[in-house]
Protein chains: 2
Amino acid sequence: MQIDKLTLKDVATTNRQYLETIFALGDGHMGVRDSVPFTGNQQATLPVMLINGYYATNPITYGESAYGYAKNHQTIISLTSPRYLDFATEKTSSEIPGDWDMTVDDAVLDFDTGVLTEKFQIVTSDHHHFELVVKSMIALDNSHQLFLNYELTSLDYTGTLRFTRPIIHDVTATTADADDPRVAQRQSGLTNQFIPADRQQQIEWQTLVASTHQQITQRDWLTSFPTGFEVYGDHAGFHGSGTIEVQTTLSWSFTRQISEINQALPDKIMGWTNDIVVRNRQILTDFWQQSQVQISDKKLQTGIQYNLFQLFQSAGRNGLTNIAAKGITGPGYEGHYFWDTEMYMLPFFIYTQPQIAKQLLHYRFSILPQARERARSLGVTRGALYAWRTINGEEASAYFPAGTAQYHINADIAHTVKLYFDVTNDQNFLREQGAAVVLETARFWLQFGSWQQRDGRSQFCLYKVTGPDEYTALVDNNYYTNRMVKENMAFAAWLLEKHYIDGDADEQVQFTKASTNMYLPYDQEQQVTAQDDHSPKMPVWPFATTAATQYPLLLHYHPLMIYRHRVNKQADTLLAEMLFPEDQSLEQLRRDYAYYEPITTHDSSLSRSIFSILASRLDDRDKAFSYYMDTSLMDLVDLQGNAKDGLHEANLGGSWLGLTYGFAGMYVADGKLHITNHLPTQIAHLSYRLRFRSRVLEVQLYQDKTQVKLVTGLPLAVVVAGKEYDVLQGVRSE
Amino acid sequence: MQIDKLTLKDVATTNRQYLETIFALGDGHMGVRDSVPFTGNQQATLPVMLINGYYATNPITYGESAYGYAKNHQTIISLTSPRYLDFATEKTSSEIPGDWDMTVDDAVLDFDTGVLTEKFQIVTSDHHHFELVVKSMIALDNSHQLFLNYELTSLDYTGTLRFTRPIIHDVTATTADADDPRVAQRQSGLTNQFIPADRQQQIEWQTLVASTHQQITQRDWLTSFPTGFEVYGDHAGFHGSGTIEVQTTLSWSFTRQISEINQALPDKIMGWTNDIVVRNRQILTDFWQQSQVQISDKKLQTGIQYNLFQLFQSAGRNGLTNIAAKGITGPGYEGHYFWDTEMYMLPFFIYTQPQIAKQLLHYRFSILPQARERARSLGVTRGALYAWRTINGEEASAYFPAGTAQYHINADIAHTVKLYFDVTNDQNFLREQGAAVVLETARFWLQFGSWQQRDGRSQFCLYKVTGPDEYTALVDNNYYTNRMVKENMAFAAWLLEKHYIDGDADEQVQFTKASTNMYLPYDQEQQVTAQDDHSPKMPVWPFATTAATQYPLLLHYHPLMIYRHRVNKQADTLLAEMLFPEDQSLEQLRRDYAYYEPITTHDSSLSRSIFSILASRLDDRDKAFSYYMDTSLMDLVDLQGNAKDGLHEANLGGSWLGLTYGFAGMYVADGKLHITNHLPTQIAHLSYRLRFRSRVLEVQLYQDKTQVKLVTGLPLAVVVAGKEYDVLQGVRSE
């Protein structure tokens, strides 16, 4: 079954800020939150429009500073709503708080066209009734145009109605919860310059960020309005008035176009026409063709389609931007890019939209100079270290124990370059961009690490690092990090061997030696893979005496309390085991899972998807299903309680991983695709499409059979449940 | 030999800011830096008067905040100079920069009276010459009065001379090096209220700190001035003018009196008379009687006497203040009290000035409520945790890995309560104050620590702590911390057993059990006492490629670079071994010393004294002497290069420890004083006095003999070189 829309019935609450996130629209460049048209950003505490990579900097103030600390905050700019429209009857105005009481009747987000249709019921303070239907759509053809159509129906009002579309210049400061590092942000003033409009009913202006010299140009066009209204535009918007009669429907349409950063606005601008809808439908049909997922559970089907649709809306496509932790759906985490992109979101794009994946990886290549610089600040004289959180490539993490110390981002990026290459076989990208990223990150490790005696032989060790689990910091030999670095250096050696890039004398040998002898901690006593050198010995968090209201722990306990206990925010060692299925036996994985699951709080949205995937691998299908439900529906049920700050983009990607890496047991090894059917009993059927080395494949899972179908391309060998099959034009089952 | 003064020839440079520190005067309450009288604080970047415990708060801004972080900075107030005086000839003025060129000719600080006498040579911009002699003295009788006398001699000027003594109201912001955590500070505005002066030539005003509601009252009195001058006072100071003739000497005297914080100004105020000098001499004679050190090396004799004199000047005596890291000689470290007081300075007071020691410990007792509160913020539901750095008892450390995580301060304070009791046998203090401090700190440990299997049995472990060495952070089982906590809990059990205080059921048993089974890390492979669970395995700092200019490391490397290497800022494990001589054999100590010495940078001023003491114990007398020279003369030669920010108070105390704990091998065990002669060959003779259980003893060390002399009190047994002797009214030698 395919689901073609999300409606108000599918979501957790009608809390407005929550809805603003859930029904946000975007094209990877502009993200428009679903604010109530009347409020503009006057009443909202969250911004209503974000531009990917459009940010301000201001100096970080430290309570106590030290050498090498990140110097500047980078904060995505919160722009005012392009949805803003005011109405006024003779005695009331939607601009006056309380005058126009609004309830949302319905909202429908169409996955096939990107059109959002909403219906609002309005009661004025003098007891008149109106109905407002708003249709919104962002063109997905990279023209960065938002189309808006307002239909206002008077149910019992007769008289003069005025409308105003004000363009607000100022940026409203947003509320920040200072102690919650996930939302804290700062605002910076902007300057606006209005460009004299030489066209009727068009307004144009440029907004400049002083600190970054970034500029965008916006154009707002009143494309249609009802007869009987006299309309005039000036630099602050459009105004008009006319007479409305009972049950008359009046219609206004606007187009808002936004330039790329520091680029001119293309001249082409359109009003809402059917052509645009057709074009969007075409783009989304292509998207769904390659990303199609069908699952025999309506809720999950809605969840996965919503998630993939939102991922598609969030991904930067210009090679200079990435996907922020909240995409462009909210200002949480200041619009920063983290490792989330590579480890949680990129696999979906690599397997289904490689052209977007390539652009996202190009972003990493483009910030290599900043990463080299950062390695120098850290005292490492060779190679590059990617910033833990950044927009412009410079480190913006103001708390290094859970920021810069998460060095693993280096290996995460290299891993994803490898995955992209393994899946696409894109030789050009690897040669021209990917190899440099892998080599420079590997060089960092070689100097960062050191040789130490472990278990009677010299092994390569990494000290004072923080792994993915942020409830544990500054440890020695974090298993995840070491395992990822092992791959990073092995891949660098391979690239040198195969002459994708030139290295220095002896480098290939050194990479191979360090990779081969990477130390991977293991706790002999408990027979589990150890998270790091210390954690097996630490006391377990006092779960029994921790009230449910005390989660997430980070908001209720001092980091020192958290760090000195064995407690995980998210999958750490298990994430490494998920990524490298051939590293350990199922028995070992089972022990590790049983060891880590009880100490994991899932306070991070990056956790449950991994637990679902590994439960699948262990054939604990009920558990896999249960974790997957939480993953797939995380924001639609507001599981973390903070969807209002923006979608959990990593989890959107994680929900795709749960299906493909989990239920279908998919991974690549030695250039071959592996599939194993772990479909939970709750799901009768699951199929999904993917691209693999110039083919389009469709994987079909049933309770009793597994099929891999070649949709387009040449035949190839696929390993199903450990057995190799040739996939021809037809169907193979296990 | 006794040295009775410090002169300009004894110090490192004539850099003015350096001299401001070195020749600072104080009485434990007010600290007056030796600023040039003409400059007031107009040109200085460092403040010229500090009041112990007089501070402002302002909120700490974090780059990224989290639960339980310290909320407020506490910053000692930088007050304007009480030494400020302006002179003006008909054409020039000392107030105009460059008009009066000044060189310092001599400065003499008299250790027997506290009088500072300085001579300045002055050339005006129109080529006239003056000589200025300034005498300064702070009364040491707790009246908080500064006496100043200015004698100006014209060498070739004839004409009108004006003088002004302005009282500056505003606090000048000081320069802060934002990346050097040792000096960073912030200023807060003060409000001044002038009190109408009802006495001639007196001005009085109150200064209120808005954030802390602390108020002090100052009174400035022009007590004498030359005939021929017409003098008038108003709220802003004193003014006058007269005619000066060649080689005439004119004299002005002022007294500045300062109240205790939030107290009224006592009515008594005096001009400079011989009575004051006599009274000061009497107080200092008493001081030197008990603190006497004689050493047959003029430099060292000067150094130790200077150090002890400055310690005496810095120590708060009112039970509500302590000794700041820079005393009241400079604003470094914001005037905060650290563990330095207990571990480096208090032994000197305990052994020679127990009445001051008791007041300093009373301060800790007085902030127990804040310490209890702090333990709660850290998630520990019982006991108390002292703030790492504080004035008012609340945590002011804005960087917890090297702040709050230095939990050992709890055990340091308990250790010093024990030392105070062992040396003084002050039953009342222990019962009324000390026992509560020990019990509450022990309770903290009991809940903070946990039982883990180590070496085949259950041992008590402490996770994620930072020891004294700040180049290593957040480790498990820091040896120093664990060893100190072992004593803390054992002492608490003893206090319960002896009914000094009542505990809860079973507490005594639990303290004993945890203390007895405290885990103390040891590296079997290298046969050394391990600093913590991890450090033996870490790579050694790349000393070979670190240029001399790159020290101190903290100013040139990111903390992550420092933390991931085996490198020590200061003695850590060795400090514990210094404190507990009976813990290890000399062979073990020798191995440990050889292991830690090469990796210690001594970037902390708290390091060298400990290395000297242990070299003494190991009978490496040349090394002991060499480290001791650096310790004793640290500020007089400006070894750390930052004496301008204030004296290294801990090292002042450390220099006394070097003599007594080091050269004389002094410690207390089982209630008995132990002495062992380790006198370096460079020193022919060393003697010092101490108080021990109501006696005054004098220890005399020669190259060939050791004598312990009973100066006053009843005979007692002393252990000299391991053999017990009864010390009668005479002399015992080894």
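Each residue, glycine too, has its Cβ placed from N, Cα and C.
In the three-state DSSP assignment, the secondary structure recorded for A:Glu470 (active site, proton donor) is coil. Residues or ranges marked as active site, proton donor in TrEMBL: A:Glu470.
DSSP assigns A:Lys569 (substrate binding site) to coil, not to a helix or a strand. The Cβ of A:Lys569 (substrate binding site) has 22 neighbouring Cβ atoms from other residues within 10 Å, across all protein chains displayed. The substrate binding site annotation in TrEMBL covers A:Trp339, A:Asp340, A:Lys569, A:Gln570.
According to TrEMBL, the feature domain 'Glycoside hydrolase family 65 N-terminal' maps to A:16-213.
Residues or ranges marked as domain 'Glycoside hydrolase family 65 central catalytic' by TrEMBL: A:305-656.
Per TrEMBL, the feature domain 'Glycoside hydrolase family 65 C-terminal' maps to A:666-727. For the domain 'Glycoside hydrolase family 65 C-terminal' (A:666-727), the mean pLDDT of the prediction comes to 95.
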Distance from A:Lys569 (substrate binding site) back to A:Glu470 (active site, proton donor), taken between C-alpha atoms, in Å: 6
Listed recorded positions (A:Trp339, A:Asp340, A:Glu470, A:Gln570), ranked by Cβ neighbours within 10 Å, top entry: A:Asp340
Environment of A:Trp339, A:Asp340, A:Lys569, A:Gln570, the listed substrate site - residues of the same chain whose CB lies within 8 A of the CB centroid: A:Phe338, A:Met343, A:Pro468, A:Asp469, A:Glu470, A:Ser604, A:Leu606, A:Ser607, A:Ala650
Secondary structure tally of the domain 'Glycoside hydrolase family 65 C-terminal' (A:666-727) (DSSP, helix then strand then coil): 0 helix, 40 strand, 22 coil
